[in-house]
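Pulled from TrEMBL, these are the features on record:
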TRANSMEM  9-34  transmembrane segment
TRANSMEM  54-74  transmembrane segment
TRANSMEM  81-106  transmembrane segment
TRANSMEM  112-133  transmembrane segment
TRANSMEM  154-182  transmembrane segment
Amino acid sequence: MVSQRTKLWLWLLSINLFISTFTFGGGYIVVPMIRKYFVSQKKLFGEDELVDMAAIAQSAPGAIAINLSTLIGFRVAGRMGAVISCMAAVTPSLVILVFISMFYTAFASNSLISAVLKGMQAGVAALIVDFVVDMCSMMIKERSLLLTLMIPMAFLACFVFKINVAIILAVCCFLCIVRVWWNERRQK
């Protein structure tokens, strides 16, 4: 008889393999899939916790998708869950890269493969827009003028005024830290 823990590990393995296999574009593209399976269907944690884990995954070194899968695995099933989720997140990419490298010359000049990849780019763009809309709606729910204005201001700073992204990120982080400090100070 299979224990509940083993069933959870097998589920983590299968769902992370599935997500990693079918989400092209990496990074934040996995967030809607993770939301669907972990938050909406299984209700293993809430939307706010997912956003927090996504922020941690992005700030840690390494690929966001792998970091997020590892964090979620740890949250759901401890250290073993983290190991299983990490391995499941990495495996499909490694298999695909090995396969492509073996037949690189055939893939490089194939117009059908090029067309499929172009179509996948459109899908990735749609998923990124979906993620940004979800994140914006969560910020608006929090009713924070700072967070609501931060996205368009960062966009303007980057694309209109050509300010370096690292500077924009540092300023946004500083403003958020000041906001948290101010809110905690007001509550005391």
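From the backbone N, Cα and C atoms, a Cβ is placed for every residue, glycine too.
Keep in mind it's a predicted model, so treat the numbers as computed, not measured.
Long-range Cβ contacts of the transmembrane segment (154-182) within its own chain (Cβ-Cβ under 8 Å, at least 6 residues beyond either end) map to 144, 146-147.
Counting only same-chain residues 6+ beyond the ends of the transmembrane segment (9-34), those with a CB under 8 A from a CB of the stretch are 2, 50, 54, 63-65, 68-69, 72-73, 76-77, 80-81, 84-85, 87-93, 120, 123-124, 127-128, 130-131, 134.
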